[in-house]
């Protein structure tokens, strides 16, 4: 703002100053030239308006009018005008001054606008020159540089300041200087009209040549004269180089075609071959044969169709034609050629012609095949050697791996990322720092070799060895690294194993040294083949009775022994050269020998030993090692044994019995003469296992089992079997064998004999048959007596229960006066119990018949549908009384069966009665009859209280019920289902029960064969005879009394059972879990855990079903209460002490058979 005010004050000051100056000059001139209006005021107005603009000019005009009016009008020194002429003059003066001021102001404004436009144009022009992509060069007529733009300076490598003022010829090569000089010297009238263009070669600051297109134009001054010139330069160095390279390439191509004998050919736009002199010369075809498509005839027949298709496709699509084929030369030989054809395109885009070449590549094909084979061999070698190669561009961090190398790092082909960091991620973390340090060091040394571990994706660790070479540029900067990696995991493992082996070897050496000093064998080591230098252990010194520090040598001295003892064989000295160690060192063969050593005190010792040569790396004998043992005592024993064996064989051959000897594993190595006389066989036929062929076929398996048991346990072998005599007859023999044990108790031999017991065996068999008959009769009597006792017990128990309410209410009726209601109630109770007693008597009679085996059947053809419907009528009233609905599903098409209709009806009635009895009010009972296979099946299902899994195995046993509470609620004897089972079994059928559990109902299934004969005899429940067989049974016996336990084990093992005897209930539980026995025998009174608790724990651990372990209580408690308590606890049988062996075996066999029948 201050600048603006100062500028305005300056313009107005200049205006006033110019008027003042004009006034002073006018006043001076007034003396010489009197005037009314001074013209100098016009000059002041002109100057003021030119310098300051219109307003300063107007100010100057007003001041000039006032000054002129005051100083030069006739009325001097006053502003008053006296006449019209004065006014007119003043007006004219004013108008002229105003006009001058206005014109000068316009001229000034126009000047400023022009100058601004010129300045803007100059700036734009300069910017255009500076930003132009071409170089701009302005120089005068003498060639001195006046201006260059930045582009030109950069083009020539100079700064603008370095080029300004210098002749342009300094920047040009000689020919360019001549052309520009000629252009500058052309006639002036001609140069004003001519703009010329040159291709000039300029000189860069660093000496390089720069090619440029230079367009020159003259610059004329205001007189139209040539004052300077402007040149525009375009850098065409690259184009010139390209054109030069193209020309050079064309020359090389022409030379190459000639040098390589390539065949050049041309074709028209349709692909018809026009001419190829080279082709005709090579193939021998005539011009007519080559034209069109005739050239195909020179191709191999297998290549013609493919080549023609590719050529036609290229012509149609106007693309480059490339292929390979085999061409037949004029010499009759096919050679591989590569052909390439390109279309020659005109400026309009149409194809003028096709030009191509054919190159002989037969040699290249051979090289390719050889290279392919080499690559295949290299790949195989790399795969076999587990080697992979890599190339790492250090500048670009591009790492190229072979597929073999990727496999060494556990990668699939192409999976490697290709950078240094990708490699580093694969190296084991513990090895990465060292590996990277080795890489950095290799960039300095040029060689890279190290080992590291890599971790595969599956977590496995592998060792790799790397070797590589680093390549550098001219400045010594590392460019790339090329090398290989190899899998050395096996080598590392081998090195670790070697280290371990070395450690083991040191330990073994120490152990061997210790062994040498402690082994009771004389060891001699010769350090040379002649056995001159010897080392021996302490035992050798002791054996030869020499001082420990004696120097020993086996080298003869004058043909004599170098030691104080003699070495003999059968009393004769052995020559020194034939001693075992000398002989082994001389022949290189192991030597085994026995000899006598005669010591200095004439004591003769028998020596056995072996000498073995030692070899060096070249295969020569470097020494001998010998081991010798004093066998004097053994020799004496062997002699005694030979005498004893001679006596033994003589005795065995004179025995009337067969005598044999086996090895510990049972291999028969000796039979006496009696064996060969009896069997008529040779030694080869019966040694080893050949004796088994002499056994009767029925006795082979049993005899082998008994014999193998003796071999396994070491117990005395005792068995009877039949042997085949030479005449073809079998005779019974008693075989016995005893083991011979050494001092450690180990069996070294078995000695056995076979005694002919054929006659005795016949007598025993007759006696046994009589005994069997007698025992059978006795068992039958005992069974009858037992059945009588059982029957009486049942009657006594079951008849008393209903008699109690009958007698009670009868006494009340007799002794008291009861009202009518109570009397009726009493009579009903008496009647109900009387009927119950009647049913009980009927059931008891049936049970009695069953027990005696007297329950008979009247066999007829039975229609089960009719039988079941009759049974339904019997139980219908009882069901209706409890509102129980009985659903029936009877298959009327089912076949008939052979059976007793009444007894089968009794079966159905008992099952239905039982279902109704245990089904609550409003429940449901279903009976179903259907055919299943060749059997008729009756199923009775109820929705009653069900049966617990623990009681299911006892449902069909006599006098068994679920528990006390149930018994009190429903009553009964537990005979109905037992009767059902016996009747069904008499019909050759079976009955089963199933229940999901208490409260879930039960299902009884009866299966009867259709039209089958029914056995009239019930199953014999009597005790077996005394030939009870417990063979193979696993039995656990428990008793805290050791004597009783040992007796029990002895009895059971005598019957063939395998007994696990324990002294406590806790050990019994462990034995049961371990051996899974067939039966348990337990005492009752035992410390800590008694027999009741034991059986409860056993039952608690068992699964439901028929898999219960049979258990027998063997106790001194003989009371009835004890018996019931024992059975209630879970035992099947109660046997009182003392016990008879036969009775115990019989009971065990009975219980096991019953259990097996339930399972089947």
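Note that Cβ sites are derived from N, Cα and C of the backbone, with glycine treated the same way.
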Between the candidate ranges 69-86, 87-104, where does TrEMBL place the transmembrane segment annotation? 87-104
Excluding the flanking five residues on each side, which residues at least 6 beyond the ends of the transmembrane segment (12-29) place their CB within less than 8 Å of a CB in that stretch? 35, 38, 40-41, 43-44, 47-48, 51-52, 56-57, 59-60, 63-64, 67, 71-72
Row residue 1083 (4-aspartylphosphate), column other C-beta within 10 angstroms, all chains, value 24
DSSP tally for the domain 'PAC' (448-500), helix/strand/coil in that order, comes to 12 helix, 30 strand, 11 coil
How many helix, strand and coil residues does the domain 'PAS' (644-714) contain under DSSP? 41 helix, 11 strand, 19 coil
For the domain 'PAS' (390-446), give the DSSP counts of helix residues, strand residues and coil residues. 30 helix, 9 strand, 18 coil
